Amino acid sequence: MNKTDNSELNKAQFGDNFKWGVSTAAFQIEGAHDADGKGLSIWDVFTSQKGKVKGGHHAMTACDFYSSYKNDILLLGELNIPNFRFSLSWSRILPNGTSPVNQAGIDYYNQVIDFLLECGIEPWITLYHWDLPHELELKGGWTNRDSIAWFENYTEICAQNFGDRVKNWMIINEPSVFTGAGYFLGIHAPGKRGLSNYLKAVHHVTLATTAGAKVLRNIVPDANIGTTFSCTHIEPASTKKRDVAAAKRVDTLLNRTFIEPILGLGYPQADLPVLKKLNRYILPEDEKNMAFDFDFIGLQCYTREIVRASIFTPYVGAALVTAEKRNVPFTEMKWEVYPPSIYHLLKKFDTYKGIKKIIITENGAAFPDTVSNGEVKDNERTKYIQDHLQQLLKAKKEGVKVEGYFVWSLTDNFEWAEGYHTRFGLIYVDFDTQQRIIKQSGQWFRKFLSNHI
Ligand code: BGC
């Protein structure tokens, strides 16, 4: 991508109805882990255990969004960002997961929603962004089939309390990441491992996604309902048959396992045989309950992976050839910077007939930002966003139904197992003083959104 291309990039090219925004998540920004009656979440517990998060970082304060939400919402306004995606903390609303309701939690989100609306910013709620109430984890968490009913109950309370003003909803954030990292590999909360934990979680999360969506549809009939999936463009390391087959299995695992059942296509068991082991958890009525007619699908795309066959990895028989090894540019997360990835993924998901509309609900990058003379010159991030927008535009011009783009994230925040080591924000946060500095990428985004480019 050359410079001239990006200098020609402007908001008008995307059309008047295109949704521009930023995304965040409760656990990563709020802090106030035990304020005003909040219960513990699995991430509160996980971060308190030794060796789980880099540098022993925790999120008891994080970005202090709980207290300073007004300040950050004013910054959103300053950046001209019209849509704000944030998640609700289940254990702030239901400290024990099921009942009683913590009125202070409801009041808090009402204040956030009302202030957003007062500032002319549209709220986009994610119901679940990985912070399950700890009390529910003690009962097995997502491995327990009751999790579907727990989630329906939580959704009902959120829909009843916020549905009069909030019209854009996402049910679950990136199921493949939190089931894989949290229930198979044990590197995210709740730190469970093994195939049976993973498969049970996969199936219950799938059913909870559509069950939650149905509850929301009944209570807020005019809601714009979506759910989000992490997706990664996959390519084989060579044209050898075994590498091509390995790439297909990884693509199935990462990109197809969750979306296909909700589109009524069932689990893609033919292309990833280990998913046949899900059958022992599938009840006769599940097949029809797994599907829902979503208004939009949120795709969250950061990178691509190159895959080769490997007999050492159980179940998928594949290994990733890292960006470092391939000697290509990568971010602080060690993820390759490969903008065409978003184009390929948009084209791929657009081929599913059941998807009415796609919104990129996350895209962004971590780079080693430094403050110098009160400024953060994060040119790499600006270029990353611009290059991805060019690729999105290319797909849109070819007819892909992509109707929105949300940057991850508004501010630097708590990046799960990486703690505060990796910064994704358009706004820099000094975590000792909570001071904010709008980075150059944020300044660029502001100009872009104001049609000044
Ligand atoms: C998640 C975010 C996360 C981001 C960067 C997504 O997987 O939804 O919570 O911070 O990517 O890793």
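Note: Cβ is positioned from N, Cα and C throughout, glycine not excepted.
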Listed by TrEMBL with Gln28, His129, Asn173, Tyr302, Glu415, Trp416 as binding substrate, from among Trp20, Trp408, is Trp408
Taking only the CA atoms, the spacing between Glu362 (active site, nucleophile) and Trp408 (substrate binding site), expressed in whole angstrom, is 5
Ordered by sequence, the long-range same-chain Cβ contacts of Glu415 (substrate binding site) under 8 Å (at least 6 apart) are Gln28, Ala366, His421, Thr422, Arg423, Phe424
CA pair Trp408 (substrate binding site) / Glu174 (active site, proton donor), Å rounded to integer, equals 13
Taking the centre of the Cβ atoms of Gln28, His129, Asn173, Tyr302, Trp408, Glu415, Trp416 as the substrate site, the remaining residues of that chain with Cβ inside 8 Å are Ala25, Trp130, Glu174, Glu362, Ser409, Asn413, Phe424
